[in-house]
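So the structure is just underneath, and the comments pick up after that.
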Amino acid sequence: MKVAVLGAAGGIGQALALLLKTQLPSGSELSLYDIAPVTPGVAVDLSHIPTAVKIKGYSGEDAKPALAGADIVLISAGVARKPGMDRSDLFNVNAGIVRNLVEQIAVTCPKACIGIITNPVNTTVAIAAEVLKKAGVYDKNKLFGVTTLDIIRSNTFVAELKGKQPQDINVPVIGGHSGVTILPLLSQVPGISFSEQEVADLTKRIQNAGTEVVEAKAGGGSATLSMGQAAARFGLSLVRALQGESGVVECAYVESDGKHARFFAQPVLLGKDGVVERKDIGTLSAFEQNALSSMLDTLKQDIELGETFIKN
């Protein structure tokens, strides 16, 4: 099993690479790529960790050597948020980066599962899909927007509020991966009930958690370590599913049946070929139904922005 991390010299990429080096199954290969010249050194640094995971780093304009033979590609390359920016401010820079990298994936490892971490995810996933489609290699079951950070934040915040163990909580989060498009389904957390005020406050905190980190870092970065952990969790779930483990379910932003929007975050069952089943989002509370209806225009605009970027 070969996993490639693109953007491996950045804050998310280094955290992700560290977690994969320590947690990938024995015999796996880990390939690190970044435009920054430090990348081969990041790989050498990680190579000293005593796990049976082969690691190599590549830098420069050409990502193809890093991508050769990859089963999974995780893309975290791009610029990070600064205070006062929202995820859409990142679009102008990150759209071109994602397009360029996905074009190289399309020719080098077109059958790989691709996890997009680079924000704005609502838009960058649509960009990736259009690039792959143009190249004639698009498989909607193998392209994912990694929204796992929304899930781990939800689990953490609910556990804090209710005095529970975070690993025992599983909050499904649907919609998209920015602002109002992030919708935690708190009504579906088994064995825990919330007041209306708690639901409103938690939902808002989960939606604004990225900004909470950006402001707390006072201009020194965005959520890199928690995002690295979230991306590693998603990547390792994909590895397990590709290797034949059954019953692996994660929430992810995928091309859906189009009922809500072309791309939609929802629980998906993973298997040997990527998504095996897009699971039903279940019955929503009145609060959730209202939040879903009012976010769809924003989500659709985000998606259209990505589609148009490639088509024009």
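Backbone N, Cα and C define each Cβ position, glycine as well.
Take the CB of G11 (NAD(+) binding site) and look out to 10 A: across all protein chains shown you find 18 other CB atoms. DSSP classifies G11 (NAD(+) binding site) as helix under the three-state reduction. Residues or ranges marked as NAD(+) binding site by Swiss-Prot: G7, A8, A9, G10, G11, I12, G13, D34, N94, I117, T118, N119, M227.
The substrate binding site annotation in Swiss-Prot covers R81, R87, N119, R153.
Feature annotation from Swiss-Prot assigns active site, proton acceptor to H177; the stated evidence is sequence analysis. Around the Cβ of H177 (active site, proton acceptor), the number of neighbouring Cβ atoms within 10 Å comes to 30.
Summary: among the binding-site residues (N94, T118, N119), the fewest other C-beta atoms within 10 A of the C-beta are counted at N94.
You'll find the Cα of M227 (NAD(+) binding site) roughly 12 Å from the Cα of N119 (substrate binding site). For the pair H177 (active site, proton acceptor) and T118 (NAD(+) binding site), the Cα-Cα distance reads 11 Å.
Put simply, of the binding-site residues R81, N119, R153, the one whose Cα is nearest the Cα of G7 (NAD(+) binding site) is N119. On a Cα basis, G13 (NAD(+) binding site) lies 15 Å away from R81 (substrate binding site). DSSP assigns R81 (substrate binding site) to coil, not to a helix or a strand.
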